[in-house]
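Here TrEMBL flags Cys2 as active site, nucleophile. Marked as active site, for Fru-6P isomerization activity by TrEMBL: Lys595. If you look up TrEMBL, you'll see 2-217 marked as domain 'Glutamine amidotransferase type-2'. Under the heading domain 'SIS', TrEMBL lists 283-422, 452-590.
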Amino acid sequence: MCGIVGYIGNKDSKEILLRGLEKLEYRGYDSAGIAVADEQGIHVFKEKGRIAELRGIVDESVIAPIGIGHTRWATHGAPSQVNAHPHQSTKGRFTIVHNGVIENYAILKRDYLQGVEFKSDTDTEVIVQLIEKIVNEGLAVEAAFRKAISLLHGSYAIALLDEQDKNTIYVAKNKSPLLVGLGTDFNVVASDAMAMLQVTDQYVELMDKEVVIVTKEDVTIKKLDGQVVERAPYTAELDASDIEKGTYPHYMLKEIDEQPLVMRKIIQAYQNEQNELAIHKDVLEAMNEADRIYIIACGTSYHAGLVGKQFIEKWAKIPVEVHVASEFSYNMPLLSKKPLFIFISQSGETADSRAVLVQVKELGYKALTITNVPGSTLSREADYTLLLHAGPEIAVASTKAYTAQLAVLAILAAVTAEAKGIGLEFDLVPELAIVANAMEILCDDKEEMENIAREFLATTRNCFFIGRSLDFYVGLEGALKLKEISYIQAEGFAGGELKHGTMALIENNTPVIALATQGHVNLSIRGNVKEVVARGASPCIISMKGLETEEDRYVLPEVHETLAPLVSVIPLQLISYYAALHRDCDVDKPRNLAKSVTVE
Ligand code: M6R
């Protein structure tokens, strides 16, 4: 979703900003822009489309040591050059970039900005006009900035330039992520550390409703009442090579291939000195005390939660409910007496999940976040965090984070069971090692996955995924993967549910991808396949060794049955990847989508 960068120092800012924006491309955007200030004034360059197009219109002759930049994912107003950020106040004194949604922008317009002519359809323009108005009324810029910010309702990460002071970037944040990066003789602003890793690995976290005055020598954090806040920087432990594609044509393929390695990293990260799986005692205590667990997540992370529920219920014997975050806030179920909330989020920044976290913390409940990003908002604001150790995931389609989520949930369930004295009839460490090997075999079989994609998905307009028990949940994830990157209408169903309505959509040659990895439902899912074949469907059965029959299109290496989702999802990821390639889709940056969904 939208991304912000800013630079103030001695170098020309244009290239630093553009490169920073390129690092934020993965979040998803539809237009981009930069504003840089030199002796002559502030120069704004913005364009609909990709950063490459923006590069084409930037005036190379402008050399400016201060600037801000933005990638926009439209919320208020269509994707267009006019709605792209930066936006300027009427007199052109102030220039702003903003992420988030200003919920009361219409009220602010009515109450404070009557008669002001707006150039764009964005909520953002209200902020910059408001600041100019308050300054015109006589307040100094910093005070006017704080006053304007205090009038905003909603989410925002903001960077502002003042044409009359080319030594300062004004920054503010509420609910949307924003960091300030520190350098020698320069400082930067970025939505995430990856964007500015090119110049620094030292960052200062910002809290909600803080403003920051950034000059090239200083960073001053203040509360909205002007009180100064001291905060030490931290080192962003990101390896720049982790965020490069290397020899891969797409991040998605690289990230699919990284899954065996991620499995092995997770096993190591969660082992103690005796090589036993271990989880921090506070987390175990919270798990033990809970009479019911509520898993809250969105998209792929929600699908991981559905599988995680099975791990926790089967092994640790704690009842679990899994909820889509965007529904939970508005439709909260009756809670148990001692609930524990588990938030699953690759990015740790998803606004829908964060809204629930804020709500349950207000109610006084404990929360655990399972995330890939240390220091992310969901991690900071929860009581406990378990990290995924998957390394940065750049492709919009989540792959390695999903299997990492499953592995961490499995470890959490198994260690909790152990702590409760519930004996499991298997040892999870060797079982996860077998999973890692199976993943490797599947990743090496790309040619076959490409064949399947060509055979079943080259020209189809829709596709169904069916499964029973755990396979149903993996089917949901397979369908999400396929639709988000190939734009094929794809849906996942419980095998037994198709005949209750959706079967009407089965026509001659409709592809139906069926998963058969669970012994106790093997015969039933095969019966469901027969039902769709009788109506003309083209079945593609993916089974697990030991359960296979001659009709199966692909047989997965055998792993522990409950861990099958970690393995059966890999062909689905690869098939989606090749289907998207065949259809000439932008695999890493699917249309209309964002990596980090930071608005509710
Ligand atoms: O960062 P999160 O895990 O909270 O993101 C949740 C969803 O937006 C995300 O999983 C989305 O569904 C993926 N793009 C799917 O591949």
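Each residue, glycine too, has its Cβ placed from N, Cα and C.
All annotation found in TrEMBL is predicted automatically rather than curated by experts.
Counted within 10 Å of its Cβ, the other Cβ atoms near Lys595 (active site, for Fru-6P isomerization activity) come to 26, all protein chains included.
It is 10 Å from the Cα atom of the residue listed as 'active site, nucleophile' to that of Lys595 (active site, for Fru-6P isomerization activity). Assigned with DSSP, the residues of the domain 'SIS' (452-590) fall into helix, strand and coil as follows: 70 helix, 28 strand, 41 coil. Its own atom aside, the Cβ of the residue listed as 'active site, nucleophile' has 29 Cβ atoms within 10 angstroms in the protein chains shown.
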